Each structure stands twice: as structure tokens, then as C-alpha cells.
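Novice: After the C-alpha cells below, expect a handful of questions from me.
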Amino acid sequence: MTNLQDIVVNEMKVKKHIDSEQESREIIQFIKSYVQSHSFIKSLVLGISGGQDSTLTGKLAQLAVEELRNEGRDCQFIAVKLPYGVQKDAEEVEDALNFIHPDEIITVNIKPAVDQSVKSLNEAGIELTDFQRGNEKARERMKVQFSIASNRSGIVIGTDHSAENITGFYTKYGDGAADIAPIFGLNKRQGRQLLKYLNAPKHLYEKVPTADLEDDKPQLPDEEALGVTYDQIDDYLEGKHISSEARDTIENHYVKNAHKRELAYTRYTWPKN
């Protein structure tokens, strides 16, 4: 490993091997512990996209609130469908929800809000690129989740995991924003492993990962956007040797997007001071 890989592996907390039952139990217990430590929490809120990460996080959250209720705590899991108009993979969203069995499902079409925001910016002389409009969608989705959480005395659960965190492959204050991130510490293949253990439908964890935020590049695979495969990222996170080209790509993403992993800097926390 390179010196930087040593640092990253330690920071991202990915184990070389996991026991599915133990790892699931630890994540469920973390969610329960957080709720038990905050008396105001009566709901957990999460947007469900039909992809691996939200399906796994949603299932574990639902299992956690069911245990909490059995222990006498009033708490529910709210799954949120957040389409931008008509969602191309809407059937997979429904399949994920059928697997999760959330206590409540709320649907909010973000298209009117996003389109109006883009229009207002354009009228002010700010013409967003397609990529920037994609970030608008991600931030609107998170805004909606926090609004629901506020209304229902809840918190927002994030789907950030270590294979995503290392590359910064999320929108700052969009899908990167949340109160807790239960599946951090897992890489992509470990997330699939847990979904298999939880008996998720195979097509949900074998689905090609995509953020699907850009209108000009619908369903763009994550790996194409990143220039590196998840297997390579996972190997890197497990401390394995990978090609120098893949290593450089991953480390460039890590360094470039360091700001996404930090809260707003102050003059006391900025390392250059």
C-alpha cells in the first residue's frame, strides 16, 4: 500500500472480511442507540431510489424501528419516493419498497420545485449546466427529506458508504447530507453481501449503480463517471494492490473532494492556519 492508501483505509473503516449477521446487527444497534439517545426522535426518514444503497439502508432502518417498538419506543420508518417527473426505474423502486415494508410511504415529485429554481436562477442571469441541474435535483430531494423529518419529529438517514465517500461521489449538501450514515464502513461488495443475507431480490443488488441526475446522460453508470470500477475501489479500501492507474484515479478523487467530507471550515479548523 502507498502511504496515502494506509491513511484512507484507516479513515474509511472497511474490514477485509465481514460476517453478514454480525455486521447487520451492529448497524441496527447503531441506529437504535442513536434514537434511544435522543428523546425527540419519533421517525426515521429516507429517500428510496431503487438502488442498492437506499434499499439496504432502508431495510436495516425498518428492522431497527420494529425492534424499538417492541421495546416500547414510539418510532416509525418513513420511506420517501422522490421522482423527477416520471422515474425510468420506478418498478425497481416499488420492488425495493416491497422488500423493505416501510411503516409509511410518502411520494413527492421534485420536478416542479427543481424546474422553478432553475428558471429563477436563469432569470437572474445564472444559467446552470446539465451537471449543475443534477445537483439541484439531489439537493431538492434532501430538502424534502429534512422537511418531512422536521414535520414528523424525525431524522434523515443517509446512504453514504465508504466506496462512495472515498471518491466524493455525491452532491455536497444533497445526498451527502444526513443526520446519520449507518452503512459507512462498508464497501460496495459488502453492501451486496448484506442484501443477499437479508434475502433482497437479486436484481436490486445486481442493478448497475447510477446517480441518474443528468438529463443529457440518463442512467449514466457510476463507474463510467468515476473512471474506475467499484471492484477496484473495494480492493483499494481492503488494502489490496491495484493498478497504479486505478490507484491514482481513486486518490485524485479522494484529495479533490476532501471538502465534501468536512463541515464548513472556520479559522480555527482550517489546517492551513
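Yeah, the Cβs are placed from backbone N, Cα and C, and that goes for glycine too.
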Novice: If Swiss-Prot gives Gly47, Ile48, Ser49, Gly50, Gly51, Gln52, Asp53, Ser54, Thr159, Lys188 as binding ATP, which of Thr129, Thr171, Thr210 does it give for that site as well?
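Specialist: My reading of Swiss-Prot gives Thr210 as the candidate in that site.
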Novice: So which of the binding-site residues is most packed in, judged by how many other Cβ atoms lie within 10 Å of its Cβ, out of Arg139, Lys172, His259, Lys260?
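Specialist: The most densely surrounded of these binding-site residues is Arg139.
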Novice: Between Asp53, Glu164, Asp179, which of the binding-site residues has its C-beta surrounded by the fewest other C-beta atoms within 10 Å?
Specialist: Asp179
Novice: Determine, to the nearest whole angstrom, how far the Cα atom of Lys172 (deamido-NAD(+) binding site) is from the Cα atom of Gly51 (ATP binding site).
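Specialist: Answer for this pair: 20 Å between alpha carbons.
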